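Data block below; observations after.
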Amino acid sequence: MSKKDNELNHLAIIMDGNGRWAKKRHKPRFVGHREGMDNVERITLAANQLGIKVLTLYAFSTENWARPKEEVAYLMNLPVRFFDKYMPTLMENNVKVNIMGYLDELPEKTYKIVQRAMSETVNNTGLILNFAFNYGSRREITSAVKELGGMIESGSLKSEEITESMISDHLMTGNFGKYRDPDLLIRTSGEQRISNFLLWQLAYSELAFSEKNWPDFDKDDLKEFVDEYKHRNRRFGKVDESDS
């Protein structure tokens, strides 16, 4: 196993536990979401310092619309609060913002702020802070299949020409090139499931789970998980010679 194989270039995090964090402190759920928002800034800077190239954060799923209306309204306003508060810090640290998801379904104010964040950081060359917002992996894969099907129907593509790489290119992470698939997925709050997140891209990703709720997950926790990842034996379906 070469050292290069265990470089952590793309880290994905399911930021879970904001509500539980608030409940433990006898506070409303929105307080947990607010604290979770502030932690995004801290973890982004920590990931940047660790040399991570892409940080993908699961911020709002296509299923989250089923939550109480007041909570959804608060979550839709979080990008506005986040970028208004932290855009100067992101610019100072050369962070490039990307938002993937079905953005045209967002409220107008939310849509405008995420588009502005991407536009203002488009020339930054550091860590890519990639938010999955109004995102669902099954829908993403379905959309990719429809795109490829349309190409076949138009005659610009033959079905036998479709490859796994081509499917990857048509997913929302396709623009990340060689970094499009996460090396490591971390989920906070002790839950151990992937919740319709990056189902195709996580095929050979390493998985890790933290008992801490997202607002409590700090830079030391991140470094501990990154260090542990670097010592894992990533097989990618192959046989480890040391086991034979």
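Here the Cβ of each residue, glycine as well, is placed from N, Cα and C on the backbone.
Per Swiss-Prot, active site is recorded for ASP16, and the stated evidence type is sequence analysis. The secondary structure of ASP16 (active site), as reduced to three states from DSSP, is coil rather than helix or strand. When other Cβ atoms within 10 Å of the Cβ of ASP16 (active site) are tallied across all protein chains shown, the result is 24.
Secondary structure at GLU206 (Mg(2+) binding site), taken from DSSP and collapsed to helix, strand or coil, is strand. What Swiss-Prot records for ASP16, GLU206 is Mg(2+) binding site, and it gives sequence analysis as the kind of evidence.
Cβ environment of TRP21 (substrate binding site): GLY32, GLU35, GLY36, ASN213, TRP214, PRO215, ASP216 lie under 8 Å away, each six or more residues apart in the same chain. In three-state terms derived from DSSP, TRP21 (substrate binding site) belongs to a helical segment. For 17-21, ARG29, HIS33, 61-63, TRP65, ARG67, ARG187, 193-195, the entry in Swiss-Prot reads substrate binding site.
Here the Cβ of ASN64 (active site, proton acceptor) has 16 other Cβ atoms within 10 Å, regardless of which shown protein chain they belong to. What Swiss-Prot lists as active site, proton acceptor is ASN64.
For the pair formed by TRP65 (substrate binding site) and ASP16 (active site), distance between Cα atoms is given as 16 Å, rounded to the nearest Å. Neighbours of ARG187 (substrate binding site), defined as other CB atoms within 10 A of its CB across all chains, total 23. In three-state terms derived from DSSP, ASN64 (active site, proton acceptor) belongs to a helical segment. The Cβ of THR62 (substrate binding site) has GLY101, TYR102, ASN134, TYR135, GLY136, ARG139, ASN196 as same-chain neighbours under 8 Å, each 6 or more residues away in sequence.
Minimal Cβ crowding within 10 Å, among the binding-site residues GLY17, GLY19, is found at GLY19.
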